[in-house]
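Student: One structure coming up, written as structure tokens, with questions to follow.
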Amino acid sequence: MWQLKIGADTVPSDPSNAGGWLSTLNNHVGRQVWHFHPELGSPEDLQQIQQARQHFSDHRFEKKHSADLLMRMQFAKENSSFVNLPQVKVKDKEDVTEEAVTRTLRRAINFYSTIQADDGHWPGDYGGPMFLIPGLVITLSITGALNAVLSTEHQREICRYLYNHQNKDGGWGLHIEGPSTMFGSVLNYVTLRLLGEEAEDGQGAVDKARKWILDHGGAAAITSWGKMWLSVLGVYEWAGNNPLPPELWLLPYLLPCHPGRMWCHCRMVYLPMCYLYGKRFVGPITPIIRSLRKELYLVPYHEVDWNKARNQCAKEDLYYPHPLVQDILWATLHHVYEPLFMHWPAKRLREKALQSVMQHIHYEDENTRYICIGPVNKVLNMLCCWAEDPHSEAFKLHIPRIYDYLWIAEDGMKMQGYNGSQLWDTAFAVQAIISTELAEEYETTLRKAHKYIKDSQVLEDCPGDLQSWYRHISKGAWPFSTADHGWPISDCTAEGLKAVLLLSKLPSEIVGKSIDEQQLYNAVNVILSLQNTDGGFATYELTRSYRWLELMNPAETFGDIVIDYPYVECSSAAIQALAAFKKLYPGHRRDEIDNCIAEAADFIESIQATDGSWYGSWGVCFTYGGWFGIRGLVAAGRRYNNCSSLRKACDFLLSKELAAGGWGESYLSCQNKVYTNIKDDRPHIVNTGWAMLSLIDAGQSERDPTPLHRAARVLINSQMEDGDFPQEEIMGVFNKNCMISYSAYRNIFPIWALGEYRSRVLKPLK
């Protein structure tokens, strides 16, 4: 049976085992790893797990998101004495009472406290993208480490996951809810074959997948990221790739196109890609590789027109078509530049560029304890370390950190979009629980969460000359996940700061000792340092180049990836954190903070659409953007009666309320940039929570509380018998077009919305 282990328990006690290759800043606080123990589990436990798996499989086309049941079953067993309060239901014509809300909240927090880890964070599924596991399996296959790293049980669960998320037409999407794409279909087909599935295995599923691929143009029509993965594997030729010259890293930084000016996720993915392209690295050509060459193309492999294939992309994948200027650039580099740099004397410069690229790869690896900023560059960096030296210590140090990314649920084993969302979820959970005015009842929960947040703050900048490594300051920041990951993020720092400031207002005998003042000042310093000249805040760093650089975006599947754009979410979070800090520490950098808040609020108003909406770039979508837009403006001092932006924002949200109450927004809003209801106009508890929080903050209860009452009824009636809330459609997004799971949101936002509703709507009505 699978068992989730947390923190120091994830490390093998035998130092000769993988634990000897792990380093940590804080005894692995926040680390979450699934282990398989064949001796664990009673027959009843195993039957319960099997039933959950079967139920998911039977309903996989109607409900594509797992409910994270394996983790919940484990925590339920560990907290077997837990008995919740009786369930509450509110009839359609019945008023929502404070008693009903309070009992719902107690039931919700009681349950949510049972799935909190001992170190204070809330573990959960952060999967969703369907292109992550293939990169891992391809890398492990090339390096010969597949069976050593992924046990038979790991491989079985990965296959389960892929079969469960295969679409009816035989293909796979970019993410679990998306229609089939060539990128998803080819990579997941290849993954199954590398894991030992035969071309006719899977009850016809593999054959059906191959048919989808061939019917839609074959692997020659895969996206550029897919072409790269197939090239290193040996089932596609490097001649069919558009160039990624590593010499870009030798250019002067003053050039707008220097990689150091790109969004960190973009540059950290293309960094190892440059290395692999520059070396024209190809793994061993084995019988399975030769077989895949025959299976994936419409013509014999040696007859594929690789030059034509460079710019081929299946229409199903084409979210961001290449502009003409890009095609001209790639053609020039391919036909003129690359032939020169593959031969002496220019090849000497290529070798120098490759050495420089590897230095940056090693810097990233070492400063994230080999976790890396995300799963794509994690496995690419690992492959580069092996390509540089198959026996290197760097390669061995990468291996144990693979497990930080793997998560298992009833739908199988997936690779997460980060090493988790630990800090982010914990900071939100703290704010949600405190909003209920029931904090004193949850001393243990809040004390543990407080400790996690304190333990996860980044305490030092990265070593060396930050400018040379293109890094921003990080001392005082909070990361998205764990301190060992360590990349600083503007909104994570803001939400972490908001949480510890709220906790500092509660008695220390309830929530533990407050964080040191200097660490608060350090966090404020990071936030202030991240404001752009337009007043907005981007994610990890300042915006370092121009929007026109997006013309060079080579990834057909994603939008807005080249530079770190300012966002309503990051700008709002910064305002809220600084405004909260200013109330408690009015003498610290007051003028800078006031100016920062004013400029950020002006920025938020400037990017509001004419219909009153804000596009949410990290959640689905206009309800998420609206929540941040409204809360940011209110925190900056704007009010409904003196701010037209707030009035328009409220009108927009109210216009999207469903007839029966609540809000339900589809992920299609993100990719199409038009508000779209979920199929059948169903409410979603997370969208409903965001909209409620927005309207409450904007004073809706003083004008007409009816929409809030209807929404509260939706949330109360959605609660499950044990106090949990149901997992509904996917609610996270990145780069406009790829969805990602935030499994904790199903608990956090009903609690938060009902908490604010109880304290700010119902109580004042008394």
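Using the three backbone atoms N, Cα and C, a Cβ is placed for every residue, glycine included.
Quick paste of what Swiss-Prot says about this protein:
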ACT_SITE  D491  active site, proton donor
REPEAT    155-196  repeat 'PFTB 1'
REPEAT    520-565  repeat 'PFTB 2'
REPEAT    597-637  repeat 'PFTB 3'
REPEAT    646-687  repeat 'PFTB 4'
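Can you tell me where each of these features sits in the structure?
Tutor: Under DSSP, D491 (active site, proton donor) is assigned to a helix (H, G or I) in the three-state scheme. When Cβ atoms from all protein chains are considered, those within 10 Å of D491 (active site, proton donor) total 27, not counting its own.
Taking Cβ pairs closer than 8 Å, the repeat 'PFTB 1' (155-196) reaches residues 2, 53, 56-57, 60-61, 64-65, 127-131, 133-135, 137-138, 141, 146, 202, 205-206, 208-213, 216-217, 219, 221-223, 225-226, 229-230, 233, 235, 288, 291-292, 295-296, 313-314, 316-317, 408, 411-414, 557, 667, 729-730, 737-741 in its own chain, all 6 or more past its ends.
Only residues 6 or more beyond the boundaries of the repeat 'PFTB 3' (597-637), in the same chain, are considered here, and those with a CB under 8 A from a CB of the stretch are 531, 534-537, 560, 565-569, 571-576, 578-580, 582, 643, 645-653, 656, 663, 665-667, 669-670, 673, 675, 687, 690-691, 693-695, 697-698, 729-734, 736, 739, 742.
If one looks beyond the repeat 'PFTB 4' (646-687) by at least 6 residues along the same chain, the residues whose Cβ comes under 8 Å of a Cβ in the stretch are 177, 319, 608, 611-616, 620-624, 626, 629-630, 633-634, 638-640, 694-695, 698, 700, 707, 710-711, 713-715, 718, 725-726, 728-731, 733, 736-737, 739, 745-746, 749-750.
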Student: Helix, strand, coil: count each for the residues of the repeat 'PFTB 3' (597-637), based on DSSP.
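Tutor: With helix first, then strand, then coil, the repeat 'PFTB 3' (597-637) has 24 helix, 1 strand, 16 coil.
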Student: Going by DSSP assignments with H, G and I as helix and E and B as strand, what are the residue counts for the repeat 'PFTB 1' (155-196)?
Tutor: 23 helix, 5 strand, 14 coil
Student: Using DSSP, what is the helix/strand/coil residue split across the repeat 'PFTB 2' (520-565)?
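Tutor: Counting residues per DSSP class in the repeat 'PFTB 2' (520-565), I get 16 helix, 2 strand, 28 coil.
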Student: If you average per-residue pLDDT over the repeat 'PFTB 3' (597-637), what number do you get?
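Tutor: A mean pLDDT of 99 is what the predicted model shows over the repeat 'PFTB 3' (597-637).
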Student: Work out, from DSSP, the number of helix, strand and coil residues along the repeat 'PFTB 4' (646-687).
Tutor: 21 helix, 2 strand, 19 coil
